[in-house]
Amino acid sequence: MVNGDLRIQYYDEELNIRKVIEQADLEHLDQALNICDLSSLERKLRLWHKLMPRIEPHYAVKCNDDPVVVKFLADLGTGFDCASKNELKLVLGLGVSPERIIFAHPCRPASHLRYAKEQQVVNGTVDNEYEIYKLRKHYPDSNLIVRFKSEAKKALCPLGDKYGCDAEADAAALMLLAKALGLKVTGTSFHVGSGCSEVEAYDRAIEKAENIFKVGEMIGHKMELLDVGGGFPGIDDEMFEEIAQSVNTSVELRFPDKRIRIISEPGRFFVEAAYTLICKVHAKREVRSKDGKLDTMMYYLNDGIFGAFAGMFYYPEEVAPELYLDEAESLPKLKSVIWGPSCDAMDKISDLLLPNLNPGDLLGFRNMGAYTMPIASPFNGFDVPETRFFKAK
């Protein structure tokens, strides 16, 4: 049980970041520190069940694959979206049954398919004829979930250029091919894009899914699973409520038969808000104009875009660090740049206004739980952040 995990520290009412920092002995810690509030995951799951009780969440492991996080969600009863052999190993190794897993990658290496077969992970996505032939050879008893393209007009990371067949031009042909080869198509899936901010995107996709279900049944497949993918926001609960209402309405209209199982692949929804990253200023320098006037303050932190900020390569955003200084808000602000620790000039986190800081001062960055640590690297020999876990008693 998670409650027996010695890596988790417990707090009474509310996690006090300042108190954690005071007790963390950061003066002697070279790398940055992640503070993960696991109770945030519990709150998110309660919100999910409240707003979308029919939709089974299958956590997207790629979003944050820390074993403590994955184990915590497993103990709460979520399913899992895995995309590789190693992700399957992680989840299965924690005691999760194969029935709670969808192998949600349309283009998998043959060795990964053979491993899924050995472990009886039967549900997996497909979006092209080559993958169907591969499945006939390596895992003919699997359940094929046809993934189609249906993108949001607003998303942080669109996925349609890489994955998803055309719902009208390709889906029927793929299901016919599967039938001819003696394979089972049991459902369909889509992904509107990571970090979706267009409510209507899900209804458009679910309408396409309804048509694919009808065609699949006509071909002779037993269609029984709809996967509505991911894209659910991690820090905008108001947006999530709007999306949930849209999904519920569309599902009830187009899939009223409760025997049809409906799952999803939320990632950032669960973990984005759970993490706060604490960085330390380890060096500073002043940039002055030719006449000697101070122009810019440069601060060098112990983490950067090769670490937990790596996602900024893909979707740059403004950062708003919290300062753990007395009366920080009242201090005069200076034009500043915060850099990561590496030698690479691309390792720049942000231009912003900050009070005068000194080596040893700390900056906190909230909402750092999604697509951060899995893509962080120790480039230039700088360690990736350490993570410490907390939970309400």
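Easy rule for this one: first residue shown is 1, then count along the chain.
The backbone N, Cα and C atoms fix where each Cβ goes, glycine too.
If you check Swiss-Prot, you get these features:
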- LYS62: N6-(pyridoxal phosphate)lysine (MOD_RES)
- SER194, GLY231, GLU265, PRO266, GLY267, ARG268, TYR371: pyridoxal 5'-phosphate binding site (BINDING)
- TYR314, TYR315, ASP344: substrate binding site (BINDING)
- CYS343: active site, proton donor (ACT_SITE)
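Mapped onto this structure are the features recorded in Swiss-Prot.
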{"residue": "LYS62", "record": "N6-(pyridoxal phosphate)lysine", "Cβ contacts under 8 Å, 6 or more apart": "ASP81, ALA83, GLU87, GLY267, TYR371, PRO374"}
{"residue": "GLY231", "record": "pyridoxal 5'-phosphate binding site", "Cβ contacts under 8 Å, 6 or more apart": "ALA152, ALA155, HIS191, VAL192, GLY193, SER194, GLY195, CYS196, ALA201"}
{"residue": "GLU265", "record": "pyridoxal 5'-phosphate binding site", "Cβ contacts under 8 Å, 6 or more apart": "HIS58, TYR59, ALA60, ASP81, ILE102, ALA104, HIS191, ASP227, GLY229, GLY230"}
{"residue": "PRO266", "record": "pyridoxal 5'-phosphate binding site", "Cβ contacts under 8 Å, 6 or more apart": "TRP48, PRO57, HIS58, TYR59, ALA60, GLY230, PHE232"}
{"residue": "ARG268", "record": "pyridoxal 5'-phosphate binding site", "Cβ contacts under 8 Å, 6 or more apart": "CYS63, SER194, GLY195, GLY230, PHE232, PRO233, GLY234, GLY369, ALA370, TYR371"}
{"residue": "TYR314", "record": "substrate binding site", "Cβ contacts under 8 Å, 6 or more apart": "LEU156, CYS157, TYR371"}
{"residue": "TYR315", "record": "substrate binding site", "Cβ contacts under 8 Å, 6 or more apart": "LEU156, CYS157, GLY195"}
{"residue": "CYS343", "record": "active site, proton donor", "Cβ contacts under 8 Å, 6 or more apart": "ASN380"}
{"residue": "ASP344", "record": "substrate binding site", "Cβ contacts under 8 Å, 6 or more apart": "PHE306, PHE379, ASN380"}
Remaining residues near the recorded pyridoxal 5'-phosphate site, that is with C-beta within 8 Å of the centroid of the site residues SER194, GLY231, GLU265, PRO266, GLY267, ARG268, TYR371: ALA60, CYS63, GLY195, GLY230, PHE232, GLY234, PHE269, ALA370
Maximum Cα-Cα separation in Å among residues SER194, GLY231, GLU265, PRO266, GLY267, ARG268, TYR371, which the record lists as binding pyridoxal 5'-phosphate: 14
Cα-Cα distance maximum in Å, computed over every pair in TYR314, TYR315, ASP344 that the record assigns to substrate: 19
